[in-house]
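Report on the following structure.
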Amino acid sequence: MLGRLSLSAIPLDVPILVGTFIGVVIVGVAVLGLITYYGKWGYLWKEWFTSVDHKRLAAMYIILALVALFRGFADAIMMRTQLALAYAGNPGYLPPHHYDQIFSAHGTIMIFFLAMAFMTGLFNFIVPLQIGARDVAFPFLNNLSFWMTAVAFILVNVSLFIGEFSQCGWLAYPPLSENQFSPGVGVDYYIWAVQISGVGTLLTGVNFFVTIVKMRAPGMTWRKMPVFTWTALCASILIMVAFPVLTVAVGLLGMDRYFGMHFFTNDGGGNQMMYLNLIWAWGHPEVYILVIPAFGVFSEVVPAFSGKPLFGYSTMVYATCSIMVLSFLVWVHHFFTMGAGPDVNAFFGIATMIISIPTGIKLFNWLFTMYKGRIQFHACMYWAVGFMITFTIGGMTGVMLAIPGADFVLHNSLFLIAHFHNTIIGGVYFGYICGMNFWFPKVMGFKLDETWGKRAFWFWFVGFYCAFVPLYIVGFEGMTRRLNHYDNPAWHPWLLVAEVGAVLVMLGIACQLTQLYVSIRDRNLPQNRDVTGDPWNGRTLEWSTSSPPPVYNFAIVPHVHELDTFMLDKENGIDTRQAGAQYEAIHMPKNTSFGSGLCKCSALIFGFAAVWYIWWLAAVGLVGVIGTVIARSADKDIDYYIPAEEVARIENEHTRKLMAQAAE
């Protein structure tokens, strides 16, 4: 009836997990109690959970990403603390099986639920506004994609308290992830979390590809698209091509585990190296799925705070497209030690070095944009300059690892871990936080606090180097990844420094929380409010509408005649808002409960039941998912019109605020 599920699956004998569970329950009850006390359930359901508005979904994606940051960082600081303590005769405070689950969950959460969710949140808010669209191409799929991602994140966290998580790392290499070596439910939690979130991500890629190709404003040709939109397009193409490979790889691993197949086992004709090829054929494009949009963020931020147009727009676009193509030609550099031979290794090593060329072009373009510019060092520019320094170092170490001979020495060492975090934190996280600071006034109507934002940057920047430069050093000294104990006295001081770095990063996260609190508290101060909709003297269309934008984004769809049309119109004194124009009724999609209610619950039921072999319940969940999608397809009540009078009222109110601001 309940498959493998029993009371013994609840880890009551692990004090850390019991304490965590009690803390989660207390926080959960407090949050639910506050929502109930203030009577916000109806509001949250109608205006947020069922929303198909790309702007609200963007906010929910970013909230999900920040929650994932807290969980993923908790895992990170636990690992750093274990390695600071577990030296010589001291075993540390984490048993090996628990430590293995922590590093596996850390990687899974940070990539799939922090980085991917943050990226999708930025896409959702910015892309439709930058191309002059009123929504995305498929609003329901947008809602469904979010809830698939949220369900997968819930599934990962359920494994904390019911069963266990994978102990095989964030990519679940076989044969360790096969039944013989991982007979528990941990790998199954991993499989279904990745598969469900992968569905959401694939739908997102399709959605934004179609949105950018088909819904650009009149006159916005390919050569007039903002660079951030170009990066979103390239990332969407990468998603559509790469994520099916992940689905197949993890699906075949699931067939090994559930049906006794032998795709990746050491017997029965299986080949574990096939899994590595498949997972990294997805995995390296995934790195660029994450970092290319960060490049797009910097391509918007640097011109805005340098007071100049972006240097080398065409080369930026060509470089982005080159990186997109080359990202599929480098995956073997993750396992030069496989034994494919010198010719294969030489090809992929050279391809890896070549991909640094378009990346270098981007870096020089940003520097030339800043050159002789009127640079304003807002918090956004701190993150941008910090990225340029940090990502350059990460790129240099990447070129080192692209040399097969060097990789034979450094493979599977902490040098590799330091390089990976150098690119993901220094490139992806710095980029997304930069974008959050930049576009926050557009989202919320008020600026983020500059003082706390700069403090957060410095703690993150210094903490990052304290945490990961020591890993380069101990990697050179031979320390391999995934160790939970060591005896080498030369490593211990460096790992203590890394622990200090993790604490500094924790203070950086605390500063970011404080920044949010202070910004919300002081949102009505004149210097913080964004009445104009253009607080940074921006160049692209998103700054031409109010902050926050109305539900329809643009009362009149803009016409684009040049790159940076909005900036040119401002310089020429053209009224971009067309105040007083004759407005028309605007066609918009209706909110839906199909994705946020029925489909979400069914997917969660299916995933949990499949983990525990509760097949009757899994069938119920699967039928629920399929039935919900079919029912939604047959639903005709999916849109409505905003009356022209309502549009005029909203636009006139914004005009009144602008006039009042000018009078002040």
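Glycine too: its Cβ is placed from the backbone N, Cα and C atoms.
Remote same-chain residues near the transmembrane segment (15-35) are listed as 41, 44, 94, 98, 160-161 (criterion: CB distance under 8 Å, separation of at least six residues from the stretch ends). Here Swiss-Prot flags 15-35 (among others) as transmembrane segment, drawing on sequence analysis.
The transmembrane segment annotation in Swiss-Prot covers 57-77 (among others) and is backed by sequence analysis.
What Swiss-Prot records for His106, His421 is heme b binding site. Taking a C-beta cut-off of under 8 angstroms and a sequence separation of 6 or more, His421 (heme b binding site) has the following same-chain neighbours: Phe464, Ala467, Phe468, Leu471.
Annotation source Swiss-Prot lists transmembrane segment at 109-129 (among others), citing sequence analysis. Outside the transmembrane segment (109-129), and at least 6 residues removed from its termini, the chain residues within Cβ reach (under 8 Å) are 54-55, 57-62, 64-65, 68-69, 71-72, 75, 135-136, 142, 145-146, 149, 152-153, 156, 170, 193-194, 197, 201, 204, 208, 211-212, 215, 228-229, 232, 235, 286, 289-290, 293, 297, 424, 428-429, 432, 435-436, 439, 442-443, 541-542, 545, 549, 553.
The transmembrane segment annotation in Swiss-Prot covers 136-156 (among others). With a cut-off of 8 Å between Cβ atoms, the residues of this chain six or more beyond the transmembrane segment (136-156) that come close are 50-54, 57, 60-61, 64, 67-68, 105, 108-109, 112-113, 116-117, 120, 124, 127-128, 165, 189, 192-194, 196-197, 199-201, 203-204, 206-208, 210-211, 214-215, 589, 592, 594-596, 599-600, 603-604, 607-608, 611, 629, 632, 638.
What Swiss-Prot records for 190-210 (among others) is transmembrane segment.
Annotation comment: Swiss-Prot describes 278-298 (among others) as transmembrane segment, evidence class sequence analysis.
According to its DSSP assignment, Tyr288 (Cu cation binding site) is helical. Feature annotation from Swiss-Prot assigns Cu cation binding site to His284, Tyr288, His333, His334; the stated evidence is a curator's inference.
Swiss-Prot lists 316-336 (among others) with the feature transmembrane segment, giving sequence analysis as the kind of evidence.
Residues or ranges marked as transmembrane segment in Swiss-Prot: 347-367 (among others). Residues 295, 298-299, 302, 310-312, 315-316, 318-320, 322-323, 326-327, 329-333, 336, 384, 388, 391-392, 395, 398-399, 401-404 of the same chain lie 6+ residues outside the transmembrane segment (347-367) yet bring a C-beta within less than 8 angstroms of a C-beta in it.
According to Swiss-Prot, the feature transmembrane segment maps to 414-434 (among others). Residues 65, 110-111, 114-115, 118-119, 122, 287, 290-291, 293-295, 297-298, 301, 380, 383-384, 386-387, 389-391, 393-395, 397-398, 401, 456, 460, 464, 467-469, 471-472, 474-476, 479-481, 512 of the same chain sit 6 or more residues outside the transmembrane segment (414-434) yet have a Cβ under 8 Å from a Cβ within it.
His419 (Fe(II)-heme a binding site) counts 24 other C-beta atoms within 10 Å of its own C-beta, drawing on all protein chains shown. What Swiss-Prot records for His419 is Fe(II)-heme a binding site, and it gives a curator's inference as the kind of evidence.
Feature annotation from Swiss-Prot assigns transmembrane segment to 456-476 (among others); the stated evidence is sequence analysis. Remote same-chain partners of the transmembrane segment (456-476), defined as residues 6 or more beyond its termini with a Cβ less than 8 Å from a stretch Cβ, comprise 80, 379, 382-383, 386, 390, 397, 410, 413-419, 421-422, 425-426, 430, 433, 490-491, 494-495, 497-498, 500-509, 511-512, 515.
Remote same-chain residues near the transmembrane segment (490-510) are listed as 69-70, 73, 76-77, 80-81, 83-84, 87, 456-460, 462-468, 470-471, 473-474, 477, 479 (criterion: CB distance under 8 Å, separation of at least six residues from the stretch ends). Under the heading transmembrane segment, Swiss-Prot lists 490-510 (among others), citing sequence analysis as support.
Listed as Cβ neighbours of the transmembrane segment (603-623) (distance under 8 Å, sequence separation of 6 or more from its ends, same chain) are residues 1-5, 9, 147-148, 151-152, 154-155, 158, 163, 185, 188-189, 192-193, 196. Annotation source Swiss-Prot lists transmembrane segment at 603-623 (among others).
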Near the Cβ of His106 (heme b binding site), how many other Cβ atoms are there if near means within 10 Å? 21
Given the Cu cation site His284, Tyr288, His333, His334, its other Cβ neighbours within 8 Å of the Cβ centroid, in chain order, are Trp280, Gly283, Pro285, Val287, Ser327, Val330, Trp331, Thr352
Cα-Cα distance linking His419 (Fe(II)-heme a binding site) and Tyr288 (Cu cation binding site), given in Å to the nearest integer: 15
Tell me the Cα distance separating His106 (heme b binding site) from His284 (Cu cation binding site), rounded to the nearest angstrom. 18
If I restrict to non-local contacts, at least six residues apart, and a C-beta distance under 8 angstroms, what lies near His334 (Cu cation binding site) in its own chain? Leu276, Trp280, Gly283, His284
Do any residues at least six apart in sequence from His333 (Cu cation binding site), in the same chain, have a Cβ closer than 8 Å to its Cβ, and if so which, in order? His284, Phe348, Gly349, Thr352, Leu401, Ala402, Asp407
